Amino acid sequence: MEMFGKIACFVVFCMVVVAPHAESLSCGEVTSGLAPCLPYLEGRGPLGGCCGGVKGLLGAAKTPEDRKTACTCLKSAANSIKGIDTGKAAGLPGVCGVNIPYKISPSTDCSTVQ
């Protein structure tokens, strides 16, 4: 029985050490993923590859914390990049056929995002 306990402890140890560590979403990932949207949001070009970035963001933001981070990054970008059409930004998820649980807007309260 003692040998079984040692083997069980070793197996658990290996699972903890070998298990991949989930990384949080970063603002850099959010902004680089949505960079193809900038010409569209500034009224300078077509939608192009933008929807791929929007869908990628939705897939990457798996946890409530990731969604809050993404929201905060998008809100910051909307406030700092001049010339963005906020109506187009808010409508981006619908145009791309995805459901993001918050409005892309400078006025969004990201602390309420789940």
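Here the Cβ of each residue, glycine as well, is placed from N, Cα and C on the backbone.
Looking up Cys37 in Swiss-Prot gives a disulphide bond to a cysteine among Cys27, Cys50, identified as Cys50. Between Cys73 and the candidates Cys14, Cys27, Cys110, Swiss-Prot annotates a single disulfide bond, the one to Cys27. Checking the candidates Cys51, Cys71, Cys110 against Swiss-Prot, the cysteine paired with Cys96 through a disulfide bond is Cys51. Of the listed cysteines (Cys14, Cys71), only Cys71 is recorded by Swiss-Prot as the disulfide partner of Cys110. A 10 Å cutoff on Cβ-Cβ distances gives Cys51 (disulfide bond) a total of 18 other Cβ atoms nearby, all chains included. Put plainly, the disulfide-bonded residues Cys71, Cys73, Cys96 were compared by Cβ crowding within 10 Å, and the winner is Cys71.
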